[in-house]
Amino acid sequence: MPSLKALLLALFIIAVVVDQSFVEANFPKSMYINWGAHHSSFAGNGEDLQLVLDQTSGSAVKSKRSFLFGSIEMLIKLVPGNSAGTVTAYYHDEIDFEFLGNVSGQPYIVHTNIYTQGNGSREQQFYLWFDPTADFHNYTIHWNPTEVVWYIDNLPIRVFRNYEKDGIAFPNKQGMRVHASLWNADNWATRGGLVKIDWNSSPFIARFRRFRARACKWDGPVSINQCATKSPANWWTSPSFSQLSSSQMGQLNWVRQNFMIYDYCKDTKRLNGQIPPECLKQQF
């Protein structure tokens, strides 16, 4: 039988780990409405969030804390019907999921991007293999010192690896807040801006549920090393999270071969033949 002292020590260690890496999921406690207050509402004891867009305003929420490394997830049910010109966004400051609306019957486009040192233009886009308006689906951003991985319903769809040693910037020195928003982007969102919002279909409503942040809380520059240090508390630094497993690679390839519609690495016309250096590296 373990001693009382050993049990108390184990409980203390568990408490430290939980305090470091888990943030209260209740929306009002973990996020605040940063615009469109009259177009946003919390429900379900704080577990549910509704964002609304009409001709007067969109709406958005923002996490109260910043994070550096870990896993951020949200269940989202996108705007149904004719959502052309709308964008539902869920992002971690510099690591993006954006859902580009479309006319009824046409598929949503998932637009992903990553910004480093203020530079984006690393877009990859996918069609979804399900109706994202019929039910809630899980969208997760997993971020550690080795790589960033975007997941949909636990299937990896994209990876951005850390090649900072080769002069390629990687987001690892600044905490990021989590955002969710619904807004008018009909100057570019649907068919490059050719299809505008039909305001007769408004209000447009996106629903969010069960925000979870199992991540390292940002407490200023001291967190750069603290959050990257390999330790049991920093579970995201475990070797098992440094690269996708063989089964995850199979899932990633299935998504990319069947549903990927745009990859900046292959857009030689836009890049004037100048392939970004990360595109010449091992991607996964």
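Using the three backbone atoms N, Cα and C, a Cβ is placed for every residue, glycine included.
All annotation found in TrEMBL is predicted automatically rather than curated by experts.
Feature list (source: TrEMBL):
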| type | residues | note |
| --- | --- | --- |
| DOMAIN | 1-208 | domain 'GH16' |
| SIGNAL | 1-25 | signal peptide |
| ACT_SITE | Glu94 | active site, nucleophile |
| ACT_SITE | Glu98 | active site, proton donor |
| CARBOHYD | Asn102 | N-linked glycosylation site |
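Positions of the features from TrEMBL, shown on the structure.
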residue: Glu94; record: active site, nucleophile; Cβ neighbours (10 Å): 18
residue: Glu98; record: active site, proton donor; Cβ neighbours (10 Å): 20
residue: Asn102; record: N-linked glycosylation site; Cβ neighbours (10 Å): 19
Rounding to whole Å, the Cα atoms of Asn102 (N-linked glycosylation site) and the residue listed as 'active site, nucleophile' are apart by 25
